[in-house]
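Straight from TrEMBL, the features:
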DOMAIN    133-228  domain 'FecR protein'
DOMAIN    278-346  domain 'Protein FecR C-terminal'
TRANSMEM  40-57  transmembrane segment
Amino acid sequence: MQINFNKISNDEKDSLKSQIRHGLIELEQKESRIRNKKRLIAFSAAASVALLAGLFISRTPESKPKTDLELFAEKGETTMSNADLENISLVLQDQKTIAVQDSSVISYGKNGEKVTVGTQSINTNANSTSFNTVRVPYGKRTQIVLTDGTKVWLNSGSSLIYPAQFDGAIREVYLTGEAAFDVAHNKAKPFFVKTKECDVRVLGTVFNVSSYPEDQTVQTALLQGKVRITYNKKGLLSNKEIQEDLTPGMMATIDKDKKQIKVELKDVASALSWREGYFTFKSQSLNTILGKLSKYYKIEFIKGDNLNLDANYSGSFALNENLNSLASTLASITNSSCTVNANQRTITIK
């Protein structure tokens, strides 16, 4: 609409100008109210988020108090390493170290006061608060019989911490690396395998736990019985406890980076084959196979640029093979070329 100011009176002009001024003032006030309202909403939202965060944090349950075994294990992690270890060793509670020959069994009496290492019998002077440690270098393995009769096969580059006597309400051990367990049944006194990432609870069963610090995953494979995996998923604002029950034939895999746990049916017998002196694998990636062989044989693989590390293979290795036999078997399974350097303990695979 257009207005011709030449055809209206001065009074009408003044009235019209006044209406326009009032309209502009009201419009500015309205916009100001909208801006203030938005600020208030934004402030309220921020305050609500802060309040909810405060409530969330305050209601987050604190982590469970650590047991004496876990505290002892954490202290040992900073002072002991299996990387440069040459021989299997048993470390008693008084820090006395006993060399263990290859293929020797470490066996405890029922009260834990004596331990037999091969043909050698040793007085431990143990009590329920004493912890012993078995450390295994890469390339070797050993077997332990605990005071309750539980059998443990400890794999290459692994260590197991355990009390000399199981006098408490539970039986617990602490594992770094890989071990297979045949747990003596005792319904009144459950058995726990603790690792840095999770706990495995059993009553009487046969299973395998692989928890190497350098690996991205922690795996538990169940052959017989029943186990419960307890995984403490640590977040920025909270800790979430996740539990998974396994039945025979199941494997639980915890991804350390993704902070996820996956349970699936697997050929779990292969996961325990190493305790019988064989490394058996089915549809595993070449990268996984080489990683395990590196631990089992204490060797380094030099990988060719065109090697497909994601390709899957199935096969078996005898863990007492020499490097030349190992390279020959590996070349046959993967259809690759393998060259051994015995002095440097390396195998180049292309």
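Just so you know, glycine gets a Cβ as well, placed from its N, Cα and C.
Where the annotation comes from TrEMBL, it is an automatic prediction and has not been curated.
Residues of the domain 'Protein FecR C-terminal' (278-346) grouped by DSSP class, helix first, strand second and coil last, total 24 helix, 24 strand, 21 coil.
Note on the domain 'FecR protein' (133-228): mean pLDDT across this stretch is 93.
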